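To start, the structure under review is shown below, and the notes come after it.
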Amino acid sequence: MMNSHEDFQIGLNRSQKFTLGLVLLVLVDIIWVASSELTKYLYEEEAYQKPLFTTYVKTSMFCVYLLGFLVYSPWRDMCSWSSSNSYVLMDPNVEDTNYFTDSPPPLSEPTYVPLKRPECSRSTSKSSGTESDDSGVRSVRFSKLAEVRQMSEEEATAALMARLSYTASVRADQIARRAANKLPVSKVAWLAFTFCVLWCMANYSYQAALEYGDAGLVSLLSCAAPLFTLLLSAAIPSEPMDRISLSKIAAVAMSIAGASTVCWSSLSPSFPLGASLALISASLYATYLVSLKKKVPSEEALDVPMFFGFVGLFCLLGLWPVVAAFHALGLEKFEWPTRPQWAVMFLNGLIGTVLSEVLWLW
C-alpha cells in the first residue's frame, strides 16, 4: 500500500513537478519574509539578541519529524529491511540466464509439525490389535508429522506480480522502483550528519546578520544566494540542466534588481559586519543546496522530512557545546528566555524553519 503523497508524486510528470516547485518557492518566500520580521521583532522588541541560541532552538525543532518513525509505517519498515529482502532493479532488456543457478532456492529447508487427523486416530483405534490377526484386513498408516516448506519473499513477490492485472503490475513496478531508489535510513542519517554543520553555519550567519545589519540590507544581500547557486551548479553540475544559460542569468539579475528596488529606501552602508554575514550566509546556503543535489540527484531518493529530522537531532546533540563555548568566551552570554520570547522563537521555528525548509528543499 502507498500513501497519498507517493500516489500524488507518481501521478505528476516533469512539467507538473516544475510547476509545483515554483508554487512551493513562492510560498517559501512569503514564509521567509515573515520569519525575518519575527526575528527582528525578537531582537528589537523583545530585546533577546541571541542569534546562536535562536539557531540552536529552531534547528533542534527539526526533531519533530523523527516522530514519523512512530506514526508512519513505511519508515518503520525501512528500519526492518535487510540486504536480503531489499528491492533490486533489473534491466528488462537483458535476459537473466542464471536465474535458477545463481538465485537462492525457492523453498526453505523443511520443517516438521505435528499433524492432527481425527480420522487417523479413529482408524488406528479400530485397527489396534489386529495386525497380528489373519483376517486379511489391511490398514493404511499416515505419518504424524507434516513437512512444511516456506516460499522465499522473492518468489512470493514474483507470484503476486504474476497474478496482477497489467495496470496493477505497472503501478506495482513504479512502487518497486521508488523503493529501490530510496536511500536507506542509515544513509539518510549519514547525509544529515555531513550537512548539519554547513546548514547550522548558514542559518547562524543569517540570524547574526539580522542582528548586526539592517533588514533591507540583509534581504538584498541574501538575494546573492541564487547567483552563488548558479555559479556552483555550473562548476559542479549534477545534471545537464545545471549549465549556465541566458534565461538563468536574466532571472538572477531580475531577482537582485527587484530586491534592490524594494529595499533601496531602507539600505544603510553603516553595517559592514551584517553585510558580510549576509553574504557568507548566502554562499553557505548555495554550497549546501548544490552539494546536496550532487549527492542526491533525484528528489525521489531522499526522504526530506527524515533528513531534516536527523539534522535536528545532530544539532540538538552537538550544538549545545558551541553555545556553552560562546558563553564562556563572552561572544554570546546565555540568558534563559521569558515566556513571550519562547513563544516568538517557537512560532518562528515551527513555521519559519521546520515547515519552510522542508518545502524549500522539496
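A Cβ is built for glycine as well, from the same backbone N, Cα and C atoms used for every other residue.
What TrEMBL records for 121-130 is compositional bias 'Low complexity'.
The domain 'EamA' annotation in TrEMBL covers 184-259.
Residues annotated as region 'Disordered' in TrEMBL: 101-138.
Residues annotated as transmembrane segment in TrEMBL: 18-35 (among others).
Residues 3, 185, 199-200, 203-204, 207, 303, 305-306, 308-313, 315-316, 319-320, 322-323, 345-346, 348-350, 352-354, 357-358 of the same chain lie 6 or more positions beyond the ends of the transmembrane segment (55-75) yet place their CB under 8 Å from a CB of it. Residues or ranges marked as transmembrane segment in TrEMBL: 55-75 (among others).
Annotated transmembrane segment per TrEMBL: 188-206 (among others), in sequence order. Remote same-chain residues near the transmembrane segment (188-206) are listed as 51-52, 55, 58-59, 218, 222, 277-278, 280-281, 284-285, 287-288, 291-292, 295-296, 302-303, 306-311, 313-315, 318-319, 353 (criterion: CB distance under 8 Å, separation of at least six residues from the stretch ends).
Look at TrEMBL and you will find 218-237 (among others) tagged as transmembrane segment.
According to TrEMBL, the transmembrane segment annotation covers 249-267 (among others).
Under the heading transmembrane segment, TrEMBL lists 273-292 (among others).
Marked as transmembrane segment by TrEMBL: 304-330 (among others). Listed as Cβ neighbours of the transmembrane segment (304-330) (distance under 8 Å, sequence separation of 6 or more from its ends, same chain) are residues 52-53, 55-56, 59-66, 68, 75, 185, 188-189, 191-193, 195-196, 199-200, 354, 357-358, 361-362.
According to TrEMBL, the transmembrane segment annotation covers 342-361 (among others). Within the chain carrying the transmembrane segment (342-361), a Cβ under 8 angstroms from the stretch's Cβ atoms is held by residues 24-25, 27-28, 31-32, 34-35, 38-39, 41-42, 46, 54, 57-59, 61-62, 64-65, 203, 289, 292, 304-305, 307-308, all 6 or more beyond its ends.
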Tertiary contacts of the transmembrane segment (273-292), as residues 6+ beyond its ends and Cβ separation under 8 Å: 191, 195, 198-199, 201-203, 205-206, 208-214, 217-218, 221-226, 228-229, 232-233, 236, 238, 361
The domain 'EamA' (184-259) - residue tally per DSSP class, helix then strand then coil: 65 helix, 0 strand, 11 coil
